[in-house]
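Asker: In case it helps, TrEMBL gives these features for our protein:
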- 631-695: domain 'CBS' (DOMAIN)
- 728-786: domain 'CBS' (DOMAIN)
- 100-124: transmembrane segment (TRANSMEM)
- 185-209: transmembrane segment (TRANSMEM)
- 230-254: transmembrane segment (TRANSMEM)
- 260-278: transmembrane segment (TRANSMEM)
- 290-314: transmembrane segment (TRANSMEM)
- 364-385: transmembrane segment (TRANSMEM)
- 405-422: transmembrane segment (TRANSMEM)
- 475-496: transmembrane segment (TRANSMEM)
- 502-520: transmembrane segment (TRANSMEM)
- 541-560: transmembrane segment (TRANSMEM)
- 566-589: transmembrane segment (TRANSMEM)
Amino acid sequence: MELDEDSPSDWDEDDELLDVSSFGVAKWQRNERNDSRNDGSSTSRRRRDVFHDILSMDSSSQYDDFHTIDWVRDIQKYRNQRKDVLKAKKDSRKALIYSYLYRGAGWLVISLVGLATGFCAGIIDIGASWMSDIKLGICVNAFWLNQEECCWVQNNTAFGEEGCSEWYTWSEVFGHSTIDAGSYILNYIFFVMLSVIMAFLAVIFVRAFAPYACGSGIPEIKTILSGFIIRGYFGAWTLVIKSITMVLAVASGLSLGKEGPLVHVACCCGNLFAYLFPKYHQNEAKKREILSAASAAGVSVAFGAPIGGVLFSLEEVSYYFPLKTLWRSFFCALVAASVLRWINPFGTDHLVMFYVEYNTPWSFYELVPFSVLGILGGLYGVLFIKLNLWWCNYRKSSNLKRHPVLEVVVLALITAIISYPNPYTRQSSSRLIATLFKECGPEDDIDLCDYKRNFTRVDQSIYPTAEAGPGVTNALWQLSLALVVKAALTVFTFGIKVPAGLFIPSIAVGAIAGRIAGVVMEQVAFNNPSWFDSCSATGKCVTAGLYAMVGAAACLGGVTRMTVSLVVIMFELTGGLVYIVPLMVAVVISKWVGDAFTKGGIYDGHIELNDYPYLDSKREFIHNTLAADVMRPRRGSPELTTFTQDNMTVEDIEMLVSETTFNAFPVVVSKESKRLVGLVYRKELVQALKKSRNKYNAVSQSKVCFTNEMPLHPSPDSPSPINLLYIVDQSPFQVTDQTPANTVVEIFSKLGLRTCLVTQNGTLHGIITKKDVLGHIGALESIHPESMLFQ
């Protein structure tokens with residue numbers, strides 16, 4: 001029976017794309033069909049050729065591509081290796097130095113990961129900001145500066161298209177100095193043209209050089225951290241191309257963010273540095289500790305939230321998170337944030353992206369509108385998840401799947417055409433969020449701050465609530481349109497073949513809704529001051545920017561279903577620690593509302609949509625089934641494929657390995673008794689047979705023993721038997737056939753098992769793999785279990 005494979009009768013030729021080791025089996029099966037009229041000797045020769053093809057494949061890694069790892073075996077392997085290293089340090093000074101390097105390798109790796117992640121994030125932030133502004137104009141005397149920096153370096157520090165003489169719009173570059181219809185159309189054309197060019201370059205680079213660089217990466221990261229192998233997903237090319245195309249995709253104006261992709265970039269850095277140390281390179285379970293710390297660093301530089309990054313790694317992406325990993329994640333996030341602060345990509349000397357300073361405390365009665373924002377955020381999350389998954393499923397089953405470049409270009413064209421007329425969609429999402437979070441002051445001349453106030457001092461700390469002017473009314477209409485546009489475009493954008501994060505678009509949608517609600521509450525308080533007792537003291541009782549912050553948290557919580565980490569990220573993102581209670585209220589209510597309609601957030605939905613083998617340890621299994629219902633073989637299926645301990649030859653084993661794609665074979669005493677001896681893994685078996693043939697001159701008729709009791713030679717001329725007991729796992733995890741299935745699910749999810757044998761009184765009955773568990777859950781929940789993307 002297999003470990004992580006379908007049975008031979010269920011094999012599909014498409015599996016050749018998933019696993020290199022199945023190529024030989026596929027070739028053998030095709031030859032078997034095409035040459036069925038050939039004699040038996042040819043068939044036997046073909047089988048030997050296939051087996052030698054398998055032997056010649058790269059065996060430096062313990063696991064193949066699209067396979068799951070065995071956490072228990074890898075952790076035990078690390079403990080044994082660590083014990084040997086510490087034991088050998090007394091033998092020589094070289095061994096002593098190596099032991100210190102071995103023990104300190106983890107801190108060295110995460111330090112390098114933090115440094116690399118901080119530098120990558122700084123470069124990406126600077127590049128995205130500059131290229132976003134290039135669509136609007138150029139700094140004539142220093143083209144490498146974005147619009148804000150261009151205006152800072154001149155003596156006149158006024159900022160804006162009209163107040164900054166060093167910044168030229170594209171119409172001014174071509175001689176149209178007056179603001180008229182001609183200059184507007186010319187700027188419009190350049191905005192659309194540059195947006196489409198950037199999006200086109202992004203999708204071309206991804207498609208040509210690194211297909212794994214597309215998307216957010218978080219669903220795949222969650223799956224990989226749960227023990228799945230995807231070779232190349234964290235490769236060097238993926239790191240380079242994702243960094244470049246992330247800048248292009250964000251600058252193109254598509255409704256996406258760079259925060260999720262930054263987590264992928266950080267994991268790429270972690271994977272590359274882990275290759276420098278055999279302790280992590282040769283142990284997939286230990287490597288995932290580095291990747292968990294890298295995930296924390298990715299969120300740390302994405303939002304300037306190191307503590308939130310650690311909690312995000314713990315709550316959202318990590319599968320195995322011991323206390324040691326918690327400390328290392330904290331340190332990695334600290335290093336990455338410190339490097340980003342040194343680079344100072346935003347030019348504000350603040351680590352946080354949207355720093356705010358509110359001087360008005362919130363009132364208890366405001367928990368009611370905050371709760372309403374939480375409800376709306378939860379409903380938005382449900383609607384977004386359903387629509388986005390529907391669209392992504394349609395994309396997979398339609399002609400759009402064959403034309404990813406055209407889809408991105410058309411979407412960028414539509415986005416640019418719709419976005420330019422509205423000033424709130426024309427600017428980048430990050431700047432829009434900063435505008436919505438900010439409280440209006442006397443220096444702000446935008447429509448959103450057009451209040452009928454009389455300022456006695458420019459530097460006064462509290463500006464009383466005032467009547468909204470016509471500019472505020474106009475801004476509310478524009479924000480309402482921006483809300484619809486952002487929400488609709490994000491549905492179609494998340495999942496396209498460019499780096500596309502979800503955090504910033506979701507925060508932008510929530511911030512728009514929250515700012516509208518804040519302005520409405522502000523005017524209600526102004527027109528009815530007697531309703532609010534707190535207004536009498538200062539004349540200021542509602543902070544509109546706070547509502548934007550709460551709405552942003554509610555929407556992001558509804559989409560992702562994050563809780564603790566989201567609240568921490570939000571107050572680190574804005575510096576608004578005083579307002580943590582409103583954030584908690586909105587996030588909790590948003591999650592409650594979302595969970596009432598759908599299970600899991602958008603990342604869980606994409607994991608199921610792509611049929612990734614992710615066994616969620618947080619999801620409860622409530623069905624009353626037994627291990628006998630999960631195990632294979634099932635009723636009517638072929639008998640379990642096993643090895644006997646002392647009566648098989650090298651040729652017999654080679655034939656079984658060549659004819660099957662199983663990754664583990666139980667070893668029994670005999671076919672009749674089926675008393676369990678242990679479990680032997682395919683890759684170790686192949687290498688042991690190769691070693692026996694090359695080093696010990698084993699032949700096809702040599703007996704293979706999985707026991708210490710070697711059989712006697714029947715004659716002096718018979719070949720010597722070989723003993724492979726050293727590769728047998730003599731203590732495989734076992735359950736009885738009457739074990740409740742919920743216990744089996746708990747065992748696989750908590751221990752990270754790859755396989756489990758089913759026995760009764762020492763007699764082998766069947767085998768359960770991670771795929772069998774996922775298939776059983778999928779069958780009970782009406783998911784297609786045979787479409788799981790792994791071997």
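Count begins at 1; order follows the chain as displayed.
Every residue, even glycine, has its Cβ placed from backbone N, Cα and C.
What you see is a predicted model, and the numbers here were worked out from it, not measured in a lab.
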Asker: Can you tell me which parts of the same chain pack against the transmembrane segment (100-124), counting only residues 6+ beyond its ends and a CB-CB cutoff under 8 A?
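Answerer: Result: 82, 85, 239, 243, 246-247, 258, 262, 265-266, 269-270, 273-274, 276-277, 279-280, 289-290, 293-294, 297-298, 300-302, 324, 328-329, 331-340, 342-343, 345.
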Asker: Please work out which recorded stretch in 185-209, 260-278, 541-560 has the most C-beta pairs separated by under 8 angstroms from the transmembrane segment (405-422)?
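Answerer: Between the candidates 185-209, 260-278, 541-560, the best contact partner of the transmembrane segment (405-422) is 185-209.
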Asker: Which residues of the same chain, at least 6 past either end of the transmembrane segment (502-520), have a Cβ under 8 Å from a Cβ in it?
Answerer: 216, 255-260, 302-303, 369, 372-373, 376-377, 380, 384, 424, 429-430, 432-433, 436-437, 448, 468, 472, 476, 479-480, 482-483, 486-487, 490, 493-494, 542-556, 559-560, 602
Asker: Work out, from DSSP, the number of helix, strand and coil residues along the domain 'CBS' (631-695).
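Answerer: Taking each residue of the domain 'CBS' (631-695) in turn, the totals are 24 helix, 17 strand, 24 coil.
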